[in-house]
Amino acid sequence: MEVADSVTCIILLILFSGSAAGNRKALYSFKAQENAIAMAPSSDNGICKSMVETHGYDCEEHTVTTQDGYILSMQRIPVGRSGGTPGNRPPVLLQHGILMDGITWLLLPPEQSLAFVLSDNGYDVWIANSRGTKYSKGHKSLSPNDPAYWDWSWDELVAYDLPATFQYVYDQTGQKLHYVGHSQGTLIALAALSKDQLLNMLRSAALLCPIAYMGQMTSPLAKNAADNFIAEAVYWLGLSEFDPRGDAVVKLLKDICSKPGIDCTNLLTSFTGQNCCLNSSIVNIFLDHEPQPSATKNMVHLAQMIRQGTIKMYDYIDEVENMKHYGQATPPAYNMTSIPNDFPVFLSYGGEDALSDVNDVKLLLGSLKDHDGDKLVVQYRYDYAHADYVMAENAKQDVYDPLIAFFRLQ
C-alpha cells in the first residue's frame, strides 16, 4: 500500500471512530445532561478573548438566533489595531467552510490573517460560526446530545443561518455588507444567490475555493468516503453528530507532528490537495482549534453531491420522504444560472485544490458565462490548494490584497 493510501485510511479511521465515540458518549449521558439546553459561550471564553484581543484588537461577542432556534456566535472587530472611529466602515461577513469555525480567519499572524487585514484596511469585520461548532452549540429548546439538534444539512445553513447572520449585521450597521466565503461558505452563498436570497442586504461576494459542482473532486479522503457510503453508514447507525475532534485524536496527531523529520502539512494533503505555502507550525495552531463538528446528515448531503455531480437539496432517497419535504419525488436543484448577472463576484480557485477541483470550478464558471464582464473577477492560483486560501503565509499579497481591491470598487 502506498504511503498516501495509508494516510488516507488512518485519517478515515480517526475521523469516523472519533465521530462514533463522541456519539456513544452522548447516548450514555445522564438524563439531566440530555435535557440540558446548550447556551452560548460567555465573553470570557469566546473567540474574542482567545484569538483577537490577544493581538491588540477590539472585539465584541454577539449572538444571533435563527428562525429554527439555533443560537449562533458571531465576533465583531469594529476597528483596526491602530484604532479609528467605528460605525462608518463597510461591513464584511466572513463565513468558514466544512469542519471549521470562525477561527479559520484568525489562524495566521495578524499581518497575514484575513480578518485582521480587512480590519486594518478600514472594514467592520464580522465573523460567523455555523450551527454545531464549538461556539454555536446553543439552541432555544434542544441540546447537542439530542439527535434532533443535528437534523440538518447545508440546506438549513442556506435557509436559516445565512439569513439570520446577514440580517443581524445589516441591522447593527445599517449598511449592505460584503461577504467572504471559503469552501462550504461559498456553496451556501451560491445556493442563496441562485434563489435571489439576501441580495437586498449584499454589496458583493468573494468566493475562495468555490464549491458548487463536486463530481470531479480528486481528494482521496473525500472521494473514498463518498464512494464507500461511509457517512451514510454512520448516519444509519444513528450517529447524528459527525465529530472528528477528540482529545485523544488531537493528542495523537500533535505527537506525530512533533517528531523529528515529520512534516504534518502532508496530513492535510490527502484531504485538501498539495498545499504550496503552509508554514509547518501552522498545523499545530490548526489542531489547537480545528476541526469542528458537523451534522452527519450534512456529510451525507455532500457525499451525494460528489457521487452525482449535481447541486441539489438533500436527497431522502425515499420518494415519499422527498414528496413530504419538497412536494416532488426528487430533490429540487439549485440553479447556478439564476444568479443575477449584475451581482459583483470575486472568485479565486487553485490548480492543486483536490476539493474545489479545477474542472468542477470550470462547470460553475460555465454557469456564470453570461455574467456582466465588469462584475465577475476570476483569479486562478496554479499552485494553491484548499488550505492555502486561509493558511498560506503568502495569501495576503496573493489573494487578500486583490480581494480588498475588488471590494473597494463595489
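Note that Cβ sites are derived from N, Cα and C of the backbone, with glycine treated the same way.
Where the annotation comes from TrEMBL, it is an automatic prediction and has not been curated.
The signal peptide annotation in TrEMBL covers 1-21. As annotated by TrEMBL, domain 'Partial AB-hydrolase lipase' applies to 50-107. The active site, nucleophile feature in TrEMBL is assigned to SER183. The active site, charge relay system annotation in TrEMBL covers ASP353, HIS386.
Residue counts for the domain 'Partial AB-hydrolase lipase' (50-107) under DSSP (helix as H, G, I; strand as E, B; rest coil) come to 11 helix, 21 strand, 26 coil. HIS386 (active site, charge relay system): 28 other CB atoms within 10 A of its CB, across all protein chains. Summarising model confidence by region, the domain 'Partial AB-hydrolase lipase' (50-107) averages a pLDDT of 93.
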